[in-house]
Ligand code: SAM
C-alpha cells in the first residue's frame with residue numbers, strides 16, 4: 001500500500017531499513033503523513049522558500065514539506081541508518097532534497113541554501129533548545145532564517161511563549177520574544193509519536209522580526225537577564241549586584257529595586273540593558 005505521495009508508508013520504510021528507534025538519539029518518529037503535512041503547512045510559504053530541516057529521521061516531516069510544495073529541503077541527520085531511506089525520498093523528488101549526514105550542532109549547511117530560508121524540525125528536545133538559542137543569537141540581525149517551525153516538549157513551548165506574570169516566564173521567553181514572534185501552533189499528545197515520549201509536545205512557529213522589538217545590546221541584555229533570573233526569587237537590587245551598583249540604574253528606568261525578575265517585562269529589561277551599557281561606555 002502506498003501513501004498520499006506515492007511512496008511506501010513510513011512504517012514500511014522503518015521496517016525495510018531496520019530503523020528501530022534509538023533513545024540516545026531522541027528518536028520519537030511521526031508516522032502519519034497527514035499530520036506531518038499539517039505541520040509542514042505551519043512553516044509558511046513553502047513554494048517560495050528553501051527549508052533547513054534538522055533531524056529528518058525516516059523522513060516523515062521531510063515528505064510532508066515536499067508534498068506541500070517546498071521549493072527545496074536540505075536535511076541534516078546524525079543517524080547514518082536513516083540516510084538510505086532519505087535518499088529514496090530524494091530520488092522521488094528530483095533536485096528538491098539534499099540529505100547531509102552529520103551533527104547539526106557541528107556543521108553549517110548554509111552553503112546549500114538560498115534565501116528566503118525557513119527552518120523546520122522535530123528534534124530531540126535538548127538539541128532543539130541548544131539550536132534555538134544559537135539561531136536566535138547570530139552575530140548580526142536579521143538572521144539567515146525567516147521563520148522557524150519547531151517541535152518542543154510542551155513545557156519548553158510554554159517557556160518560549162510566556163508573558164510577564166505567567167509561571168513559565170523567564171530567560172527563554174525574553175530571548176525568543178526580543179527578536180521574534182513565537183506562537184504555539186499545534187499541541188500533540190504522546191501517542192502522536194512512535195515510540196510515544198513521556199511528555200506532551202507542541203509545535204512553535206517563530207517569525208523573525210526585521211529588528212529587535214526594543215533596542216538593546218544582545219550581550220548586555222543576555223547578561224542582565226541571566227543575573228536577574230539566576231536568582232528569580234530575590235529582589236533585583238540583590239540579584240543584579242554582580243553587575244555593580246545597579247540601584248540608580250533601576251530607578252532611572254522606572255523599575256522598583258525591590259521588584260523580582262518575574263515581574264519585569266521585556267521592554268523594561270531592554271531599558272535596563274541600555275542603561276547598563278551606557279554606564280560601561
Ligand atoms: N523528523 C523525524 C520525525 O518527525 O519523525 C524524526 C524526529 S526524532 C524526534 C529526532 C531526529 O533527530 C532523529 O532522527 C535523530 O537521529 C536526529 N538527531 C538527533 N540529534 C541530532 C543532531 N545533533 N543532528 C542531527 N540530527 C539529530
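The backbone N, Cα and C atoms fix where each Cβ goes, and this holds for glycine too.
Among 122, 126, the residue that TrEMBL places alongside 28, 30, 55, 77, 103 at the S-adenosyl-L-methionine binding site is 122. When secondary structure is read from DSSP and collapsed to three states, residue 30 (S-adenosyl-L-methionine binding site) falls in the strand class. Neighbour counts of Cβ atoms within 10 Å were compared for the binding-site residues 77, 103, and the top value is held by 77.
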